[in-house]
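Notes follow the structure.
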Amino acid sequence: KIKKNTFIFYKRVSAATDISGGISESPRNRVLSSIISKRGPYSRNKNLKEKIEMDTSSYSKRHMLTCFFLGMLFFCMVVESDAQLSENFYASTCPNVELIVRQAVTTKYQQTTITAPATLRMFFHDCFVGGCDASVLVTSDNGDAEKDAQDNISLAGDGFDTVNKAKLAVEAQCPGRVSCADIMALAAREVVVLAGGPGFKVELGRRDGLVSNASRVDRKLPGPELDVNGLVDLFASNGLTMTDMIALSGAHTIGFSHCDRFANRLYNFSTFMPVDPTLDPAYAQQLMQSCPRVGADPSVAVNLDLNTPNVFDNVYFQNLVARKGLFTSDQILFNDFRSQATVIRFANSAEEFNRAFTAAMRKLGRVGVKVGNQGEIRRVCSAFN
């Protein structure tokens, strides 16, 4: 009997030894080592085999359960991260939301083509200040909301009207389910398509922000005087690359600007050169006629793209190559060697530009989003609940 038990023990321990003859350091074998040290190598306990099996089996089960729960926790974390925004977020709660928004935006666009640049610009301004949370839509009785900041005063009313009308249409069919932030993101896509630009999938699931202060806007938006360094830094702070920045600047293929945003390039560029030398001379003269130095009408607006101002295309980049960019921040994209190659590539290929623009728009739509209890779904876009 002793020999039989000894044989069983020897057989099991031998299977657990490594090539050097020592006990291997696996969790199972550490249990074996512990039992050996307590009972001695030649224990007469007839239940040794069962004891070893019970202890190691118990450890293995605990180990497996731990790994299982850790794996499930990791899986849930990944799923939650990926599920923050999704293209079918409203599949069960408002399945026709995209069609509803499309119809409302189309109706507004048919009334005035200003709808396109106004809505697109408003979406950009919203995302760059506190994230894409529709905080730019909030109205304050004290005049200190985000929309009241100096850089946002020029936002066209048609952009606000577009989103508000789309929200009313959505609320009529899906009350309290779709955020203003998501409606604005969808509206921005729709106006690009209506103006002749590319379509793209819009990720949804944003909540509307709970804060809207004019003070938050300072130095968050690109001014018309920025150089490439300033543009790159500002866009990088929002997780966007230089290529993203150049592609999104292509939104200036539609829209307009008032004279005071670029008059310095015509009359006060420098002491010895009043006119910006990087500006095409004939184009400069054309701008001077629209925006005279004295007696200029502050309501006069000049198209950002002098050739196809109401069409979303790549002509904006062709204008930069021809030195006909309206803002310093436009023309510098061609003048600076770091961004020049991309400008030329987009100027030569509408397909290249469209691909880069749609990718950048999707990335822009993820900037600073609020999900879950980080925000709310406003009943009216211009006011907190």
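Just so you know, glycine gets a Cβ as well, placed from its N, Cα and C.
Note that the structure is predicted; figures quoted are calculated from it, not measured.
Candidates considered were CYS174, CYS180, CYS259; the recorded disulfide partner of CYS94 in TrEMBL is CYS174.
Annotation: CYS180 carries the greatest number of neighbouring Cβ atoms among the recorded positions VAL129, CYS174, CYS180, CYS291 [cut-off 10 Å, Cβ to Cβ]. Look at the Cβ of each of the disulfide-bonded residues CYS259, CYS381 and count the other Cβ atoms within 10 Å; the largest number goes with CYS381. Fewest Cβ neighbours within 10 Å among the binding-site residues ASP126, ASP133, GLU146, ASP305: this applies to ASP305. Relative to CYS127 (disulfide bond), the recorded positions with Cα atoms inside 10 Å are ASP133, SER135, the candidates having been CYS94, ASP133, SER135, CYS174, THR253, ASP305. Within 10 Å of the Cα of ASP133 (Ca(2+) 1 binding site), the following recorded positions from the list ARG121, HIS125, CYS180, CYS259, CYS291, ASP305 place their own Cα: CYS180.
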